[in-house]
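Heads up, the thing below is written out as structure tokens.
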């Protein structure tokens, strides 16, 4: 049994001809496909999806002669279909499937007398082919080798490192402003009470990880309902986060500060327009979220704003809480990626299934930064056309980077902790991509990010003889 991915290249009859590629699954033990499109032979496509081709009497004689034929998947075997199609003169057999594409399996020796290529294709792709290219379509099959490296990972790397570095820096700026603003014990106590709501303690860290585990399991079993809850929450949270990020920038601009009064409160006019803009951006994404050509750009902008606001707002009180949070989430990531395949019925990891949409669900969770793959391959069409990085792989190490930045501000240590931890995060990302390229399978990024950032921060604190203070946090935060 083999499941090899290939490409069906379809060309319309217009001038110039419109072309489009579709995913196919074939068995390389039965047939070898060309590696490039230059060596492939085109043939006209005959759409016979009204039949399953389990009997030669299902189609008129001569219809398949020297053509590529597409039929529906039925109760008979692939071998039976292939022999009937070959006996009627077909040069290629495509089997349309309404369910998820799976491996083509049958008796290998039975295919020794079958010479035409046999491949599985999605039924929705056949429908799309007719809508885009028309009824007169020429097709060919080929299977290009997988690229050694996808340059979309470089874009993912830059986005992740930029977000972590900027979020940590912004947290440090807010910390410096707080230190300067506190002048009297009364104001200090007021500020301390205000910030308790956004500070993680070891108990809340454990509670947070438990909630993550419960939520992931609920998503696995009730995905088709909860996915819309997550989409709604993301729209609300990302709109607020985008507003906070842009409002911080606009606040530094000394012009256009006109104000209006409403309900005994004054507000800048430009902030009203900013709020409308942020809400409109979230609504536009929600409406066009499945538009692969450009919706990913808006999702990434909203996602980066969400991560920045989260890193800046949620504060870790000390390195001890950072170790507990990152350590538990590392175990959470590894368990749901590598251990759950031994528990689930279909042998798939819960994390991967939820990220891809379990049971073929077309709606995807908006909890990732996604960038289109820049290298064209069959894997791009058949699996995921995007390179993905979860928000958690940015936010979780980002909270440690933000703590390092605030510790630098409190101890006036010239950003040594912040710079070291940011560089360690970048090294961890590179290590993740190297392992990803070598193993050709999705990786839990925290498996590499957490050790890199925690070990680096510990070494810097130990080298500067500040480990006790770094572990417990400053007296100001405690």
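Residue positions begin at 1 at the first shown residue.
Glycine too: its Cβ is placed from the backbone N, Cα and C atoms.
Here TrEMBL flags 54-125 as domain 'PA'.
Positions annotated as transmembrane segment by TrEMBL: 151-170 (among others).
The feature transmembrane segment is assigned by TrEMBL to 198-222 (among others).
Non-local neighbours of the transmembrane segment (228-250) in the same chain are 170, 219, 270-271, 274-275, 278-279, 281-283, 285-286, 289, 301-303, 305-306, 308-310, 363, 365-367; each lies 6+ residues outside the stretch with a CB under 8 Å from one of its CB atoms. According to TrEMBL, the feature transmembrane segment maps to 228-250 (among others).
What TrEMBL lists as transmembrane segment is 271-288 (among others).
Under the heading transmembrane segment, TrEMBL lists 294-311 (among others). Under 8 Å from some Cβ of the transmembrane segment (294-311) lie the Cβ atoms of residues 159, 162-164, 166-168, 170-171, 234, 237-242, 244-245, 281-282, 284-285, 288, 366, 368-372, 386, 391, 394-395, 398-399, 401-402, all in the same chain and six or more residues away from its ends.
Per TrEMBL, transmembrane segment is recorded for 323-343 (among others).
The transmembrane segment feature in TrEMBL is assigned to 384-404 (among others).
Outside the transmembrane segment (416-439), and at least 6 residues removed from its termini, the chain residues within Cβ reach (under 8 Å) are 148-149, 153, 157, 160-161, 164-165, 168-169, 172, 397, 400-401, 404-405, 407-408, 445, 447-453, 455-457, 460-461, 464, 470. Feature annotation from TrEMBL assigns transmembrane segment to 416-439 (among others).
Marked as transmembrane segment by TrEMBL: 445-462 (among others).
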Exercise for the section: Tell me, please, if the transmembrane segment (151-170) and the transmembrane segment (384-404) are in contact, taking contact as 3+ Cβ pairs under 8 Å between residues separated by 6 or more positions? Expected result: yes
